[in-house]
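Report on the following structure.
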Amino acid sequence: MRKDVRIVLAGDPDVGKSTLITSLVKEAYVAKVQKVVPPITLPPEVAPEAVVTKIVDTSSSPEHRANLEAELRRANVICIVYSISAPSSFDRIPTYWLPYIRSLGVNVPVILVGNKIDLRSGDVTNAALEDELAPVMAEFKEVETCVECSARIPLNVSEVFYFAQKAVLYPTAPLYDSREHVLKPACVDALKRIFRLCDSDKDGLLSDGELNDFQRKCFDTPLQAQELEGIKDLVVQAPIAGLRYNHENSSVAASGSSANGDIPSHHPHLREGSLTMAGFLYLHTLFIQRGRLETTWTVLRTFGYGVDLSLQDSFVKPAFAVPPECSVELSPNGYQFLTDIFEVHDKDRDGALSEEELDSLFITAPDNRHPWQGTGFPTSTITDEHGAVTLQGWLAQWSMTTLLDHRTTLAYLAYLGYPSFPLSGSSGSASTPAPIPLTPTGPPGSRPSRNRTPCPPSTITALKLTRPRKTDKKKKGAIQRSVFLGFVLGAAGSGKTAILRNMVGKRFANAYEPTQKMMSVVSTVEQAGAERYLVLQEFGSRYEAEVLRNTAKLSAADVIVFVYDSSDTNSFSYISNLRQQYPLLQSMPSLFVATKADLDLAQQRHEVQPDTYCRKLGLKIPGLGAGPLNISIRDGQSADLYGLICTIAVDPKGAVQGGYDRNALSYGTNRWQFWGYIGLVVIGGGGAVWICAKVLKVPIGSTLGFGSSASTTSWWLSGAQARGAGGPNATKVSSWFDWIRWQSSSNVRSEL
């Protein structure tokens, strides 16, 4: 919102520019004034929207031309003053002043000020004035209005500057086509969206209650009964197709229908006693035509629109910082709002949103589309047998969106009208300035009460931050969150997609189709008597490496689900190699899953079999042990896979290689042992390594290489890669370094 307004007065000599400014300041007529008065500043208390106003006088003499041009370029609004007693000063406005301003490249509102009205001889009708001004306003669209005044009487002096302020704070040009006398398309689109958001029951009408909610939201006060009646009388009396409906002694508000003969049932502005969208647009057209632009602008700004009639970034993209180790979830307010809009758009009351109902729900969003284009929605969440999104699936989908990209959730909460009227309530107080009346009462151009435009409500109240994982670990090891993220990794054809589809209740697909793009699904899972939302993601061969190389993305996962085909001899080697290639995987909570248990078990081509591998990692998962978990999606045997993933996410200690605190080993009691082994290798070479092997009774050929920490593993791995060109000896050294690093972990059992 603008904080200041700069008004520049221009015009021919002796038209009274300086006298007008002096009369405003002195609040009285001053006969002798300076030719050019210094700039004055009006405090925010005397201006709409509490802005600071600077008024600048200028001279039209040739010697001051440079200063005149500089001030015109700095102006937010220009008042061209002419003298009613000197008709030539008015004639020069369209022939000199307006073309001259355009030649400077200045595009700001212009107010025409007819001064010295006290010197006019005879009466002039409004029609005559309009005829005189119409050609000028038709040719020069920057002309907002014309005000006649007198500094001597005085008359309308403060109104001159008030209308100048209004021209900046509530501009006409973005809203109204003064040549065609219609609302501009962007304004129509914005007002239609606002109408739909205020139509709480989605019946295409604004009832008395909805109009009152709208009034409270925008102006912080309810409508009185007579004001409601006045609105309806006003919109019904508009000429429609050449016909004008008169109601004389009848009350539109009381009639409500055509039964009493007062209102034709086909009237486009009012139906069944409620305001239609056409009536809503007509009402705002009247506001603008009668000089009440502040009313329409207040409505637009309340719903987040800026001067360009697009939703402001501060509304759609509010600041919401997410500290490390924290995640974002919907707050109770957010879940309530999403539940409310689900229920109001579920027109057939079948507990699910069909495609048509979803289209209706997102009609207030950009391009009338939901944010999940190209993601497989609604198959990514829970649907009924017809593919319609259930309430459970709807809330789950938004929980996933908030977890993965909370900015999208914030934007769509704004598009969908968060908060709803029941959530926002009335925030009025005795100290709130008087609002602008919704009905445009009073003569055109009359001055309404000043007010501050309310800001749109912040959408961040619909979200909440979770506690950092480290904080949760200190508090009895349990993570206090309700939405968890799991990455599903494994070789092609191992059954990852089947696991994801099964979680959201989709049928098993016999035909194999390789995953070409990232796939995300979400569902509710019962875990320890609580309902959790579990998000599972599969990346496909094209994107898997990209995600695993990105530390930030990988660290966002709560659980890594390693999937292998128990009937394929090469399947387990893929995930074993993956863990060695991306060492950070070794430090993350993990669950190993053997799929296709309905097929014959195959011996895996790997140094050790999967069950031995899991035991040697030191995994102790509640209800499973080390693993792996054997399942068959084809036979419907999932063995509480999803509940187990949530259990690990809540308390990951037993699912991490060697225990949850192994990252601290370099700073614990084994630090001396770790560096001692390093010294032995450096000083004694191969002999020292042989001694270590004898003392610790570990086979010299051991190449298991289970890393003790992500940082240590990464360091040794980079060294091994650097020595890779050195032939077979380099490979052996890398293996010995891996062995020493592995031995330094206090959590790896001696049976390895």
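Cβ from N, Cα, C; glycine included.
From the candidate list Glu329, Glu357, the residue Swiss-Prot records in the Ca(2+) 2 site shared with Asp346, Asp348, Asp350 is Glu357. Taking Cβ-Cβ distances under 8 Å and a sequence gap of 6 or more within the same chain, the neighbours of Gly493 (GTP 2 binding site) are Tyr512, Pro514, Asp565, Asp568. Calculated from their C-alpha atoms, the gap between Asp346 (Ca(2+) 2 binding site) and Ala530 (GTP 2 binding site) amounts to 27 Å. All protein chains considered, the CB of Ala530 (GTP 2 binding site) has 10 other CB atoms within 10 Å. Around Gly490 (GTP 2 binding site), a 10 Å sphere centred on its CB holds 24 further CB atoms from the protein chains shown.
Taking the Cβ of Asp348 (Ca(2+) 2 binding site) as centre and 10 Å as the limit, one finds 11 other Cβ atoms among all the protein chains shown. Long-range neighbours of the domain 'EF-hand 2' (333-368) within the same chain, counting only residues 6 or more positions beyond its ends whose Cβ lies under 8 Å from a Cβ of the stretch, are 193, 196-197, 200-202, 383-384, 386, 388-391, 394-395, 398, 402, 409, 412-413, 415-420, 422-423, 461-463. For Asp348 (Ca(2+) 2 binding site), the nearest of the binding-site residues Gln527, Ala530, Ala597 in terms of C-alpha separation is Ala530. Counting other Cβ atoms within 10 Å of each Cβ, the binding-site residues Asp346, Asp350, Glu357 show the lowest value at Asp350. Within its own chain, Gln527 (GTP 2 binding site) has Gly643, Cys646, Thr647, Val650 as residues 6 or more apart in sequence whose C-beta sits under 8 angstroms from its own. Compute the center of the Cβ atoms of Asp346, Asp348, Asp350, Glu357, which mark the site for Ca(2+) 2; besides them, the chain residues with Cβ within 8 Å of that center are His345, Lys347, Arg349, Gly351, Ala352, Leu353, Ser354, Ala388.
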